[in-house]
Amino acid sequence: MSQSVCILGATGSIGESTLKVLQQHPDKYSVFAVTAYSRLEKLVEICKQFHPQVAVVPSTKQDRLAQLFKQHQIDYTEILTDEAGLVAVAEHPQVDIVMAAIVGAAGLLPTLAAVKASKRVLLANKEALVMSGEIMMQAAEQHQALLLPVDSEHNAIFQCLPNGYCQSERTGQPKQGVSRILLTASGGPFLNTSLNDLHDVTPAQACKHPNWSMGQKISVDSATLMNKGLELIEACHLFSISEHFVTVVIHPQSIIHSMVQYVDGSTLAQMGNPDMCTPIAHALAWPQRISTPVDALDLFVHQQLNFQQPDTIKFPALRLARHAMQAGGVAPAILNAANEIAVAAFLQQKIKFTAIPEVVEHTLNDMENAQANSLETILQADQFARNIATQRVDALRLK
Ligand code: NAD
Ligand code: MG
């Protein structure tokens with residue numbers, strides 16, 4: 001029986017890779033719903049090729065999409081709108097698998113809806129888990145949703161952990177012989193840029209990642225290392241492990257996607273060419289394996305794998321994220337919200353690159369932490385942090 005897939009964020013980089021994998025396996029998967037925030041032409045192309053039953057866009061774009069559908073004789077796809085539309089497709093009874101690939105906090109409610117509807121949820125949208133943390137993990141347990149990591153590092157860790165690891169008791173301590181997680185990071189485009197030169201880097205330079213082709217927001221996050229900070233928090237929740245047992249390792253070639261160390265001295269690594277089709281296919285088919293267009297790794301080409309410590313003076317984001325995780329409560333949600341505001345401001349050339357962690361640190365210092373015991377508390381902290389971060393952006397604004 002073919003499985004029905006809902007792709008939240010179908011027009012993005014992860015959405016595109018997901019469709020690439022699905023296209024290779026029409027016997028196994030069909031596309032039930034796709035969602036987009038912009039780029040309607042791209043959405044139309046996707047609808048023509050994959051014939052989804054539903055497309056979700058912002059209500060401001062509904063008329064334009066209906067017009068495009070008419071032009072292209074698409075009469076098989078219904079249009080839903082806004083957050084209610086996203087939630088409706090994420091929890092739709094006909095959907096088996098939800099790819100959570102919206103960028104940022106906008107993905108939280110639909111992702112959580114998919115979890116509560118007991119779907120197989122493929123998690124790319126790390127911000128959703130960073131914000132909601134244990135609320136999302138508990139919902140997954142309670143509703144027996146299979147929450148599978150698509151982020152390449154977490155997918156690698158999942159592959160290197162013992163079977164059933166994520167189902168066992170959540171203590172924050174490593175178990176079943178695991179001693180430590182090694183979370184790898186490419187170091188981004190500015191790994192070898194001096195702190196002095198870092199002030200004046202442009203959005204175009206920041207978005208030019210050496211190994212991966214990704215959306216703008218995550219590209220900037222990779223350049224500040226905030227992406228690794230968010231991933232550290234993501235790993236703590238997914239694998240129920242205290243941040244103390246997660247070491248960030250800079251590995252510029254992005255061939256090893258992360259590692260797990262065991263008490264007997266073993267270190268297991270997952271390797272592959274840097275292409276998101278691999279973790280997407282893994283999460284789609286797990287515990288089975290399906291083919292992808294990704295070439296097998298040629299170790300005679302990649303003869304050198306290097307490792308180094310991260311420089312947290314040059315890249316304070318990593319330190320801020322670790323502190324936020326240690327502090328717990330709504331601190332990770334504050335960190336994430338302030339970062340989203342700061343990254344958007346940098347992309348609009350309102351602030352310098354090095355002001356991004358500054359905005360985040362200011363917002364964290366300015367707000368009181370609170371227990372993250374409900375979604376409402378988290379959303380409130382998110383909104384409050386956005387206001388403070390926006391004020392800070394205005395204060396630091398380039399003339
Ligand atoms: P992207 O910017 O290329 O795509 C984002 C998608 O979300 C698009 O379809 C866009 O229309 C939609 N979207 C944006 N804002 C929205 C809003 N307010 N409401 C509803 N939809 C909205 O981003 P991406 O690179 O595909 O990343 C998506 C997520 O996956 C991010 O959380 C990112 O951190 C994570 N991720 C991406 C990669 C990668 O290689 N691209 C790797 C690991 C994790
Ligand atoms: Mg990653």
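Every residue gets a Cβ built from N, Cα and C, even glycine.
In TrEMBL, annotation is done automatically, which means it is predicted and not curated.
For Thr11, Gly12, Ser13, Ile14, Asn125, Glu127, Gly215, the entry in TrEMBL reads NADPH binding site. Under DSSP, Thr11 (NADPH binding site) is assigned to coil, being neither helix nor strand in the three-state scheme. Sequence-distant contacts (6 or more apart, same chain, Cβ under 8 Å) of Thr11 (NADPH binding site) comprise Val34, Ala36, Tyr37, Ser38, Arg39, Lys42, Leu43, Ile46.
What TrEMBL records for Lys126, Ser152, Glu153, Ser186, His209, Ser222, Asn227, Lys228, Glu231 is 1-deoxy-D-xylulose 5-phosphate binding site. The Cβ of Glu231 (1-deoxy-D-xylulose 5-phosphate binding site) lies under 8 Å from the Cβ of Lys126, Asp151, Glu153, His154, Leu183, each of these being in the same chain and 6 or more residues away along the sequence.
Around the Cβ of Glu153 (1-deoxy-D-xylulose 5-phosphate binding site), a 10 Å sphere holds 28 further Cβ atoms from the protein chains shown. The annotation Mn(2+) binding site is assigned in TrEMBL to Asp151, Glu153, Glu231.
Residues or ranges marked as domain '1-deoxy-D-xylulose 5-phosphate reductoisomerase N-terminal' in TrEMBL: 5-133. Across the residues of the domain '1-deoxy-D-xylulose 5-phosphate reductoisomerase N-terminal' (5-133), the predicted structure has a mean pLDDT of 98.
Positions annotated as domain '1-deoxy-D-xylulose 5-phosphate reductoisomerase C-terminal' by TrEMBL: 147-239.
Taken from TrEMBL, the feature domain 'DXP reductoisomerase C-terminal' applies to 271-387.
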Residues satisfying Cβ distance under 8 Å from Ile14 (NADPH binding site), sequence separation of at least 6: Met99, Ala101, Ala124, Val150, Gly215, Met276, Ile280
Least buried by Cβ count (within 10 Å) of the binding-site residues Ser13, Asn125, Asn227: Ser13
Those binding-site residues in Lys126, Asp151, Glu153, His209 whose CB falls under 6 A of ligand 2, listed in sequence order: Asp151, Glu153
Of Gly12, Lys126, Glu153, His209, Asn227, binding-site residues neighbouring ligand 1, Cβ under 6 A: Gly12, Lys126
Neighbour-count leader, CB within 10 A, binding-site residues: Gly12, Gly215: Gly12
CB contacts for Glu127 (NADPH binding site) [other CB atoms within 10 A, all chains]: 29
